[in-house]
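Below: one structure, written as structure tokens.
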């Protein structure tokens with residue numbers, strides 16, 4: 001748990017060598033960047049809310065690596081963190097986001113009409129489609145650093161705003177503290193709710209403090225539009241449904257997200273955003289669009305093929321296990337989504353998923369017949 005602010009002056013009594021973390025066995029982006037010299041340069045800085053370098057890196061110190069994905073190993077505690085600790089964050093962002101430079105500008109496109117196709121992904125292979133993003137409310141600290149009062153204020157504000165949604169987005173808020181364990185587990189199993197805070201990344205960064213205080217889920221009546229409140233980000237906005245109509249999912253996502261932003265503005269709150277980093281979120285891996293468009297897809301043959309990883313890489317896609325980031329694939333079902341978040345617009349990322357998934361299905365059909373997929377190998381996108 002972060003506690004460095006109160007101890008930062010105490011730490012200064014010890015030399016840089018005494019305080020520098022042992023990163024010798026680490027495989028994360030932070031550990032690649034944080035040299036002794038950089039630690040020395042940044043260790044006495046803090047943001048105006050008191051977030052320090054040790055708060056930024058603690059999750060990456062405590063979690064050397066991950067078997068399935070290269071983790072980032074650092075978090076922001078407020079909007080200022082990305083500026084105050086830019087000498088650490090900029091190279092991490094460049095490394096994680098495919099060479100995104102400190103001078104680059106991000107683009108946003110939430111017009112679902114610009115998406116080509118996507119309403120006809122084969123439902124025999126695509127079990128469900130989902131698009132999610134995160135949003136942070138300007139003026140509050142982020143989850144690794146916010147106080148109980150801030151968290152409760154974010155919950156109150158969000159529930160009031162979401163309560164104004166109408167039509168097929170009309171819904172209700174369910175606070176975690178009012179749910180039984182069984183109700184919570186059912187929502188988790190149905191992929192509607194975030195897991196209980198057992199992930200070491202959540203725990204070490206301090207995001208799980210005071211759990212389940214001021215956490216909850218808001219969803220519309222048919223559970224196709226959901227908002228998680230106060231998990232890894234202030235808000236996680238999710239549009240999802242069974243089958244392969246990604247166009248419908250993305251259209252609902254854009255409509256709902258735009259309405260939510262308007263409702264917050266009417267209360268004089270805006271989302272954290274800047275021209276360079278796009279939407280500001282807790283984890284540097286989610287900067288930019290914060291968008292992950294994913295499908296649960298059955299690929300029992302391609303999933304075992306030696307070229308599966310290379311195909312995904314060329315399509316700028318990534319795979320996760322069936323149950324999400326910390327899990328393995330079950331029954332040949334993978335969670336396949338865009339690998340990028342920053343430097344591409346929302347429409348461009350969903351387009352990559354739609355086009356890529358069509359090719360994956362074509363390859364799977366070939367392999368079912370025992371045929372080669374060599375001529376289908378895509379060029380690098």
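Easy rule for this one: first residue shown is 1, then count along the chain.
Yeah, the Cβs are placed from backbone N, Cα and C, and that goes for glycine too.
According to Swiss-Prot, the feature creatine binding site maps to 72, 232, 285, an assignment based on similarity to another entry. Feature annotation from Swiss-Prot assigns ATP binding site to 128-132, 191, 236, 292, 320-325, 335; the stated evidence is sequence analysis. The domain 'Phosphagen kinase N-terminal' feature in Swiss-Prot is assigned to 11-98; the stated evidence is sequence analysis. The domain 'Phosphagen kinase C-terminal' annotation in Swiss-Prot covers 125-367 and rests on sequence analysis. Marked as phosphothreonine by Swiss-Prot on the basis of a curator's inference: 282, 289. The phosphoserine annotation in Swiss-Prot covers 285 and is backed by a curator's inference.
Feature map: annotations from Swiss-Prot on the structure.
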residue : record                : Cβ within 10 Å
72      : creatine binding site : 21
128     : ATP binding site      : 18
130     : ATP binding site      : 21
132     : ATP binding site      : 19
232     : creatine binding site : 23
236     : ATP binding site      : 21
282     : phosphothreonine      : 25
289     : phosphothreonine      : 29
320     : ATP binding site      : 20
335     : ATP binding site      : 22
Of the recorded positions listed as 72, 285, 289, the one whose CA lies nearest the CA of residue 132 (ATP binding site): 289
Near-site residues: creatine, ref 72, 232, 285, CB cutoff 8 A to centroid: 71, 75, 201, 281, 282, 283, 284, 286
Nearest-integer angstrom distance between the alpha carbons (Cα) of residue 72 (creatine binding site) and residue 335 (ATP binding site): 20
Number of helical, extended and coil residues in the domain 'Phosphagen kinase N-terminal' (11-98), per DSSP: 42 helix, 4 strand, 42 coil
Where residue 130 (ATP binding site) sits in the secondary structure, as DSSP reduces it to three classes: strand
Residue from 232, 282, 285, 289 whose C-alpha is spatially nearest that of residue 320 (ATP binding site), among the recorded positions: 285
Extent of the creatine binding site in Å [max Cα distance among 72, 232, 285]: 14
Three-state secondary structure, which DSSP defines for residue 285 (creatine binding site): helix
Distance, residue 289 (phosphothreonine) to residue 128 (ATP binding site) (CA atoms, angstrom): 21
From 130, 232, 236: binding-site residues whose CA lies within 10 A of residue 282 (phosphothreonine): 232
